[in-house]
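K.L.:
Handing you this structure, nothing more for now.
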Amino acid sequence: MADDALTHHDEREHAKQTADPESAPTPTAIQRIRTMTVPFQKYHGTGNDFLIIHAAEYVPDRAALAKRECDRDTGVGADGILYLALEEQFNPPRVVMTLVQPDGSTAPMCGNGARCAAEWAMQRTDTDSVMIDTQAGTLRADRTPDGITVEMGTPTFAPEDIPIDADDPVLEESIEGLEVSVVNTGVPHAVAFVDDVDDVDLESVAPPVRHADVFPKGTNVTIASPDGEGHFRQRTFERGVEGETDSCGTGAVAIAVIARRLGRTDADPVAVSPPGGELKVSFNDRGRATLAGPVEHEFDGEVALESPAEQ
């Protein structure tokens with residue numbers, strides 16, 4: 001009987017505590033007890049690396065997660081987070097891609113990101129072709145002997161499409177002390193041809209151009225140097241990353257497009273070598289570009305939706 005009385009007493013105390021708001025666990029305590037995580041897969045295309053998270057996963061603040069986890073000192077480290085939604089009912093399958101960059105902004109297009117998204121989707125659908133819906137348009141991607149090849153659309157030099165405050169296309173003009181040509185290959189690029197990309201202090205010369213007043217939305221800054229017939233070396237300072245990346249697909253396309261426009265090459269394909277590997281840029285009869293190169297799946301993991309400091 002004594003044990004029964006003790007049990008009933010405990011039950012009454014539990015009911016009292018549950019009914020009393022002051023004695024109930026606080027939201028902070030609950031959050032400390034149960035930390036939510038989301039799974040990711042990490043991919044890279046010639047060193048341009050991304051965390052891939054399924055778009056159906058609950059992420060209340062995508063910008064905050066990107067700022068934290070893209071940091072290479074305190075987070076997983078990446079050039080952005082790709083949120084992908086797979087639509088398998090289509091033939092070929094479609095994948096909807098949203099790229100959140102390390103500064104929390106979204107980018108309408110990313111060539112290597114699209115190639116990583118394509119590989120991710122192909123692995124899950126057992127196909128060699130997919131369609132990718134981006135903010136810059138719908139692109140086709142295929143598995144080819146060169147790796148993953150993605151359509152990049154038709155580059156444009158029209159000032160209003162870049163955008164840049166200019167009346168005519170900007171070709172070999174000085175902006176903030178750097179002679180650049182400007183093109184939109186899904187995102188804007190200011191491209192400068194130099195004797196040797198390794199001799200340029202990109203972290204110093206790029207930011208003034210990236211933030212120049214003539215670019216109302218900013219620009220990526222890419223430098224290129226010739227490395228044999230139809231081959232260029234590349235370095236790119238990316239808008240949204242706010243630093244140099246190991247590779248930039250839209251930058252590689254920008255180099256090829258501008259090099260052909262300026263008569264620096266008539267090669268097709270044009271080989272472009274960023275620090276992370278080699279990409280190939282080809283053109284069809286209508287001037288649409290394709291970007292080809294390797295993609296690798298690095299590893300899988302989980303990230304917390306809030307950092308310990310925020311719990």
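All residue numbers here begin at 1 and follow the chain in the order shown.
Cβ coordinates come from backbone N, Cα and C, glycine included.
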K.L.:
Would you mind telling me which of 1-27, 271-297 TrEMBL tags as region 'Disordered'?
P.N.:
1-27
K.L.:
Asn48, Gln101, Gly111, Asn112, Glu238, Arg239, Gly249, Thr250 bind substrate in TrEMBL, but which of Asn184, Asn220 does that record place at the same site?
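P.N.:
TrEMBL lists Asn48, Gln101, Gly111, Asn112, Glu238, Arg239, Gly249, Thr250 binding substrate, and from Asn184, Asn220 it also lists Asn220.
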K.L.:
Using a 10 Å cut-off, grab the number of neighbouring Cβ atoms around the Cβ of Cys248 (active site, proton acceptor), all chains included.
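P.N.:
Result for Cys248 (active site, proton acceptor): 35 neighbouring Cβ atoms inside 10 Å.
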K.L.:
Among the recorded positions Asn220, Arg239, Cys248, Thr250, whose Cα is within 10 A of the Cα of Cys110 (active site, proton donor)?
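P.N.:
Cα filter at 10 Å returns Cys248, Thr250.
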K.L.:
Find, for the listed binding-site residues Asn48, Asn220, Thr250, the residue with the lowest Cβ contact count at a 10 Å cut-off, counting only other Cβ atoms.
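P.N.:
If we count Cβ atoms within 10 Å for the binding-site residues Asn48, Asn220, Thr250, the smallest count is at Asn220.
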K.L.:
To the nearest Å, how far is the Cα of Arg239 (substrate binding site) from the Cα of Cys248 (active site, proton acceptor)?
P.N.:
11
K.L.:
If you measure every Cα to Cα pair among Asn48, Gln101, Gly111, Asn112, Asn220, Glu238, Arg239, Gly249, Thr250, the residues listed for substrate, what is the largest value in Å?
P.N.:
15
